[in-house]
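One structure below.
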């Protein structure tokens, strides 16, 4: 006898209800079979008769027919009752304890189905019919509201009763009739939306480009539109309004020197190796697009000289003569530099490629025609030439219409170009109208011309 049993016997001698309660609690709990095991025990019929019906006979509406009128019945009992009307001998099956009827189970006629195994057979003829229709049959019944199809008419009727009464709509537009399905889908949809927002929130380094759009003046608004192929050349914005100039996503403000902000390059933080490599890659992409934009603007200004108002760049011209725009503390210098690079070190890393391009210019010689100038302009992507030409287009203008359009290098014969050259190349030779392009390129790269 175990210790637990002896404890129980000693406690039963007392009549105290508390001790009796303790005695009952010490009894070992009864083990109840799990639902899965109970289901398997019910479905398992070791002595049952296994019946295999063909798909045709299984899906037949009537399996029993009258010999006289050929009327069909689904059950044999109904046929026997029908025979009484024809005065035929009929007999109903009666249950007796003497002759025990074997249980009948039905297997699925589809060999690949799990219920084709006799151990997984279904014990109801109606159940095997519905199973075969749902899993292997044709769905003939369609809901008029949600267009769902069903193979069993009872399922279709049950669906019609609740269809449209309860709807759970997700933000993505999906409808659910069950709340659990909606909750599981919503959790997945929220995670997907969060990841998508993180992806699209990353700013693109080339996002500052848009269509060459507007040149506005206070008195004479002029709209210039140029249709560009956005997939190949990108877009750019040029907005001039009084003392504010916006070019290719960068804003320049011409104000007094006392109101100027610190240089953008001076405020930039030291770059990391990864950001420096990205800056070099984005530098050349921006320069290639900039060349295309400036060439288009040049061509458009040559063809439409008369549409520009002569006083549209007056403020910029006055500032050039005063020497404010190209002063060392002007934020325009930093803004123009930041247009082509994120910091000064990125420009220095790209100097090797610029030197190679300048050597090509020195070898090819001076362009002799406008076509050659256009070709040479497309080849030169150095930030030196791009910045020079950018300033000549956007920050200078003359009363003479012929001087509105600068050459592609921006090295005109005006005194403003001399100031521009001294600002950009303080240690180089002075720039004059008689300078040759190969000599200029050779001077920059340190090559001596014969």
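Indices start at 1 and increase along the chain as displayed.
Glycine too: its Cβ is placed from the backbone N, Cα and C atoms.
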* Range annotated as zinc finger in Swiss-Prot, from 141-165, 216-240 -> 141-165
* **Candidate ranges 178-190, 191-203, 282-294 [criterion: Swiss-Prot lists as region 'SHR-binding']** => 178-190
* Using Swiss-Prot as the reference, determine which range in 64-86, 317-339, 340-362 is annotated zinc finger. => 64-86
* Listed range which Swiss-Prot flags as zinc finger, given the options 24-47, 168-191 -> 168-191
* Report, as numbers and ranges, which residues of the same chain sit near the zinc finger (64-86): CB under 8 Å and 6 or more residues beyond its ends. => 92-93
* Asked: Do any residues of this chain, six or more beyond the ends of the zinc finger (141-165), have a C-beta under 8 angstroms from a C-beta of it, and if so which?
  -> 130, 133-134, 175, 177
* To do: Count up the helix, strand and coil residues in the region 'SHR-binding' (178-190) according to DSSP, in that order.
  => 12 helix, 0 strand, 1 coil
* Average pLDDT across the zinc finger (141-165), rounded to a whole number -> 87
* To do: Take the Cβ of residue 159 (Zn(2+) 1 binding site) and count every other Cβ within 10 Å, whichever protein chain it belongs to.
  => 16
